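*Asks:* Structure incoming, see below.
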Amino acid sequence: MTKANKPKLTQNIELAHRPVDLEPYHKIAYDGLWKNNQALVALLGLCPLLAVSNSVVNSLGLGLATTFALVFSNTMVSLIRNLVSHEVRLPVFVLVIASNVTIIDLLMNAFFHDLHKILGIFIPLIVTNCAIIGRAEAFASKNTVDKALADGFFVGLGFTLALVALGTIRELIGTGTLFGRADLMFGDIAKHWSIEVFHDYGGFLLAILPPGAFIGLGLMIAVKNVIDARGK
Amino acid sequence: MRFPTAPSPHLAPSNSVSRIMLTVMGALIPGIIALVWQFGPGVLVQIAIALVAALTAEAMVLLLRKRLVLPALMDGSAAVTALLLAVSLPPLTPWWMTAFGTQFAIVIGKQLYGGLGFNPFNPAMVGYAVLLISFPRQMTAWLPPVDLSGFSLSFADVASVIFQQESSLAYDGLSQATPLDLLKTQLGLQTHLDEIQSAGVFGGLSGKGWQWVNFWFLAGGLWLLWRGIIDWRIPLSFLGSLYLINMFFFLYDSSIYPNPLFHWFSGATMLGAFFIATDPVSASTTPRGRLIYGALIGILVFVIRSWGGYPDGVAFAVLLMNFAAPTLDHYTRPRVVGHRR
């Protein structure tokens with residue numbers, strides 16, 4: 001309370017010159033993207049991860065939708081964290097998440113209609129993605145808004161990257177292309193973005209079908225564990 | 001389990017993995033000869049490809065895992081996997097498919113789980129299922145049996161079709177649906193069973209050619225039983241339950257369901273009953289568990305063949321029951337001597 005006694009100008013200068021403490025943000029980013037990656041380490045949200053990762057564009061669409069849901073729900077949960085009593089926190093968090101996902105669902109239906117049709121039930125199902133309620137409960141309800149927002153962003157980004165990596169593997173092996181049907185997401189200019197990596201590729205159905213998702217994710221987790229083990 | 005032991009001196013048989021695997025390979029020979037006789041020498045080329053692919057894949061993974069390579073290769077388990085997969089494939093399967101399927105079976109189906117003795121699924125059937133769901137067109141195109149077509153392909157013809165992809169046109173012209181496949185598609189078109197079975201591929205107990213292949217696999221399997229390599233429970237309960245459920249539906253409506261012997265002697269029934277379902281690693285290990293395991297495979301085979309999406313269901317039935325084997329073992333553990341239940 002001593003700061004209040006100082007002249008306003010000096011106080012502002014003091015605030016502006018105070019070094020911003022970046023340390024927690026580093027940690028939040030590292031945790032969300034790698035160390036505690038929701039898909040590869042926590043193994044949360046696997047249902048949509050496995051179901052829609054059959055192409056890069058589908059993966060990116062669902063990954064971004066999940067990221068938005070994470071950022072908004074983390075921010076709101078953090079804002080109301082002191083207003084909600086401990087006993088009813090989970091229903092309230094779910095309500096917050098469900099409202100956010102409904103907004104995202106309607107927005108995608110309006111602006112990315114074809115992509116929305118392909119992703120189908122998995123957009124509304126983001127509500128039940130354990131990664132989101134997990135972050136709300138484990139992080140956002142205990143931290144300030146700025147950190148909760150950063151956490152939502154980086155966790156979502158980590159989830160999206162894992163999803164896109166899996167989508168890349170499956171699309172490449174399954175159909176021999178990359179960025180097929182990119183116009184679903186980026187509009188008409190993306191009609192020709194599709195890269196045919198292997199010519200005359202007969203296709204490998206297993207990679208597109210659910211077993212390909214399980215095997216691909218298993219191999220990705222293995223690679224991550226190998227990298228971690230080498231780093232030690 | 002009781003181990004009746006006579007007083008010493010004992011003569012121990014040389015009981016080892018490699019002896020068992022060699023016996024299994026020997027027991028496969030009659031069936032392989034029947035396949036060559038009926039479907040041409042393609043199966044021999046497939047066996048060669050699969051053996052090379054399996055042994056190289058096994059050696060590479062063992063090197064990566066820093067294990068001793070030669071003892072594991074010499075035990076013959078990879079070779080048996082290769083053989084079982086190769087005899088399940090259509091004789092004119094392109095070489096890269098056979099090689100890929102075998103490598104998948106060895107690397108992902110077996111070695112990633114820890115190698116021989118740790119694989120929860122039958123590796124050969126893992127490879128087969130991967131190929132079947134990935135390349136359904138090539139995997140359901142069999143050659144017509146020699147009894148039907150009247151011509152036999154030479155070794156050079158077969159090898160050129162398998163190794164050169166451009167001759168796939170000729171391959172499409174040669175190949176034909178199997179009796180099980182034809183039965184499924186025609187029943188879907190509401191054709192009467194008698195009418196379907198008057199087609200050329202049917203004849204004898206099941207289909208021309210197929211009955212002989214199954215008969216000789218049965219003969220080889222009985223030899224394995226006699227040598228004590230496999231337990232009688234799995235083949236008996238598999239074939240018994242397949243017969244019973246089939247008989248039930250046959251009596252219920254014989255215009256849709258063929259007679260039980262048809263299912264016994266078509267597709268991979270005999271190969272599955274004696275060589276695949278009895279895999280000592282992935283099958284159930286308790287006496288009662290084995291009876292249940294085999295019976296459920298028989299029922300699943302009938303269900304998949306009659307109402308499923310694929311013409312034959314032995315591979316899927318075995319894989320599904322491999323999932324269930326640990327649970328079966330848990331609930332059917334035999335009484336330990338001296339303990340009450």
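Placement of Cβ uses the backbone N, Cα and C atoms for every residue, glycine included.
Model, not experiment: these values are computed from the prediction.
As listed in TrEMBL for this protein:
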type	residues	note
TRANSMEM	B:20-37	transmembrane segment
TRANSMEM	B:43-63	transmembrane segment
MOD_RES	B:Thr178	FMN phosphoryl threonine
TRANSMEM	B:209-226	transmembrane segment
TRANSMEM	B:238-255	transmembrane segment
TRANSMEM	B:261-278	transmembrane segment
TRANSMEM	B:290-308	transmembrane segment
*Asks:* Are there three or more C-beta pairs under 8 angstroms joining the transmembrane segment (B:43-63) and the transmembrane segment (B:290-308), sequence spacing 6 or more?
*Replies:* no
*Asks:* What parts of the chain pack near the transmembrane segment (B:209-226), using Cβ distances under 8 Å and only residues at least 6 beyond its ends?
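*Replies:* Non-local partners: 23-24, 26-31, 33-35, 37-39, 144-148, 178-179, 232, 235, 264-267, 269-271, 273-275, 278.
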*Asks:* Could you pull out which residues elsewhere in the chain have a CB under 8 Å from any CB of the transmembrane segment (B:261-278), counting only those six or more residues past its ends?
*Replies:* 24, 27-28, 31, 84, 87-88, 122, 124-125, 178-180, 204-207, 210-211, 213-215, 217-218, 220-222, 224-225, 230-231, 234-235, 238-239, 242-243, 246, 293-294, 297, 301-302, 305, 311-312, 314-315, 317-318, 321
*Asks:* Please work out the number of neighbouring Cβ atoms within 10 Å of the Cβ of the residue listed as 'FMN phosphoryl threonine', leaving out its own Cβ.
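*Replies:* Within a 10 Å radius of the Cβ of the residue listed as 'FMN phosphoryl threonine' lie 25 other Cβ atoms.
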